[in-house]
Amino acid sequence: MEVKEALFMNRGEGESSYAQNSSFTQKVASMTMPVLENAVETLFSKDFHLFQALNAADLGCATSPNTFTVISTIKRMMEKKCRELNCQTLELQVYLNDLPGNDFNTLFKGLLSKVVVGNKCEEVSCYVMGVPGSFHGRLFPRNSLHLVHSCYSAHWLSQAPKGLTSREGLPLNKGKIYISKRSPPVVREAYLSQFHDDFTMFLNARSQEVVPHGCMVLILPSRQSSDPSSMESCFTWELLAIAIAELVSQGLIDEDKLDTFNVPSYFPSLEEVKDIVERDGSFTIDHMEGFELDTLQMQENDKWIRGEKLAKAVRAFTEPIISNQFGHEIMDKLYDKFTHIVASDLEGKIPKSTSIVLVLSKIVG
């Protein structure tokens with residue numbers, strides 16, 4: 001499986017689309033807006049307001065309304081600082097990045113409806129451009145970005161971890177699609193190694209693109225436990241693996257497809273992220289904290305409704321990569337099974353989700 005081709009959120013604006021089922025990531029983005037606001041203020045304290053334009057990038061933007069929130073927040077803070085500093089009129093250039101499979105049409109349609117693109121106000125003119133490509137490599141010219149933002153994207157891996165088959169070619173993570181309590185230590189080690197390599201590549205590419213003293217605001221799903229197989233980080237993938245296994249038992253999916261599939265994603269701990277940033281040495285950590293949120297952004301006591309809501313949210317960001325492996329024709333059955341597992345086996349009990357937000361500044365010299 002080529003991750004660059006298979007990884008994207010559900011397209012369009014329909015019932016299963018990411019645009020209609022991203023309330024959780026919207027809440028995460030909303031919770032971290034004060035951090036982004038402070039980052040923009042800090043940029044102005046470093047004399048970046050002397051430039052005619054501020055160049056910002058939102059990496060892994062998908063099609064969520066989050067993008068509008070990010071752009072409007074940066075723009076609003078620029079206007080505020082312009083008034084406070086009595087500086088010249090500024091322009092804001094925002095680059096929206098995701099893999100080529102992303103639904104950029106729906107994204108820009110949404111931005112245009114909110115009068116972001118081409119909207120000229122008194123202090124700040126805003127211009128937006130799409131940049132398809134992998135953020136694990138270079139996307140922009142050297143020293144061209146003042147600010148980088150990424151929300152719930154940097155945990156995706158460039159590929160499934162290597163070394164998950166034995167010398168005889170047998171799958172080492174049989175019956176699972178991610179780290180689980182049953183996974184041998186080599187699986188956990190392979191996932192951490194792949195995340196280390198990919199996040200290091202991410203930092204290295206950004207260190208070349210971000211101007212001296214420029215900054216990044218990164219938000220990642222994470223875990224509090226040192227154990228990567230803890231339920232807080234494995235919940236979604238564990239339930240999907242159970243649902244897929246049930247379809248295997250019914251003869252609807254080939255067992256080999258389950259045994260050879262490993263999700264290209266990793267929920268790191270705060271300590272793991274900190275260690276990688278410090279080892280890389282391109283950025284200093286200005287701010288770093290973890291926080292918890294209810295996975296479902298709704299008050300609902302009915303376990304079946306909770307199951308259906310969670311299944312829709314999960315389907316919105318997992319269906320493309322899952323269907324690439326197992327086929328489009330069984331997707332309805334798979335997510336119906338997922339709903340049933342949440343409602344019946346778990347009685348609608350859904351663990352909270354943990355996130356990390358960090359602000360990094362590029363080291364000079």
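Cβ atoms here come from the backbone N, Cα and C positions, even for glycine.
The following features are taken from Swiss-Prot:
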BINDING   Tyr18, Cys61, Asn66, Asp98, Leu99, Ser134, Phe135  S-adenosyl-L-homocysteine binding site
BINDING   Thr25, Tyr152, His155, Trp156, Phe317  caffeine binding site
SITE      His149  site 'Involved in substrate discrimination'
BINDING   Asn173, Asp259, Phe261, Asn262  Mg(2+) binding site
SITE      Pro221  site 'Involved in substrate discrimination'
SITE      Ser265  site 'Involved in substrate discrimination'
SITE      Ala313  site 'Involved in substrate discrimination'
SITE      His328  site 'Involved in substrate discrimination'
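When the Cα of Ser134 (S-adenosyl-L-homocysteine binding site) is compared against those of the recorded positions His149, His155, Trp156, Asn262, the shortest separation belongs to Trp156. Among the recorded positions Phe135, Pro221, Phe261, the residue whose Cα lies closest in space to that of Tyr152 (caffeine binding site) is Pro221. Counting in whole angstrom, Phe317 (caffeine binding site) lies 13 from Cys61 (S-adenosyl-L-homocysteine binding site) by their C-alpha atoms.
Following the DSSP three-state reduction, the secondary structure of Ser265 (site 'Involved in substrate discrimination') is strand. In this entry, S-adenosyl-L-homocysteine is bound by Tyr18, Cys61, Asn66, Asp98, Leu99, Ser134, Phe135, whose most widely separated C-alpha atoms sit 20 angstrom apart. Comparing local CB density within 10 A for the binding-site residues Asp98, Asp259, the maximum falls on Asp98. Counting only same-chain residues six or more apart in sequence, the Cβ atoms lying under 8 angstroms from the Cβ of Asn173 (Mg(2+) binding site) belong to Leu164, Ser180, Ser183, Pro184, Val187, Asp259, Asn262. A 10 Å radius around the C-alpha of His155 (caffeine binding site) takes in these recorded positions out of Asn66, Asp98, Pro221, Phe261, Ser265, in sequence order: Pro221, Ser265. If you check the binding-site residues Cys61, Asn66, Asp98 against Thr25 (caffeine binding site), the ones with a Cα inside 10 Å of its Cα are Asn66. Using a 10 Å Cβ-Cβ cutoff, Phe135 (S-adenosyl-L-homocysteine binding site) registers 24 neighbours. Reduced to three states, the DSSP call for Phe135 (S-adenosyl-L-homocysteine binding site) is coil.
In the structure shown, across all protein chains, His149 is the one of the recorded positions His149, His155, His328 with the greatest number of other Cβ atoms within 10 Å. The Cβ of Asn66 (S-adenosyl-L-homocysteine binding site) has Ser22, Thr25, Gln26, Ala29, Cys151 as same-chain neighbours under 8 Å, each 6 or more residues away in sequence. Residues Asn173, Asp259, Phe261, Asn262 make up the record's Mg(2+) site, and a Cβ search at 8 Å around their centroid adds Ala160, Leu164, Pro171, Lys174, Lys176, Ile177, Leu258, Thr260 from the same chain. Taking the C-alpha positions, the distance from Ala313 (site 'Involved in substrate discrimination') to Tyr18 (S-adenosyl-L-homocysteine binding site) comes to 8 Å.
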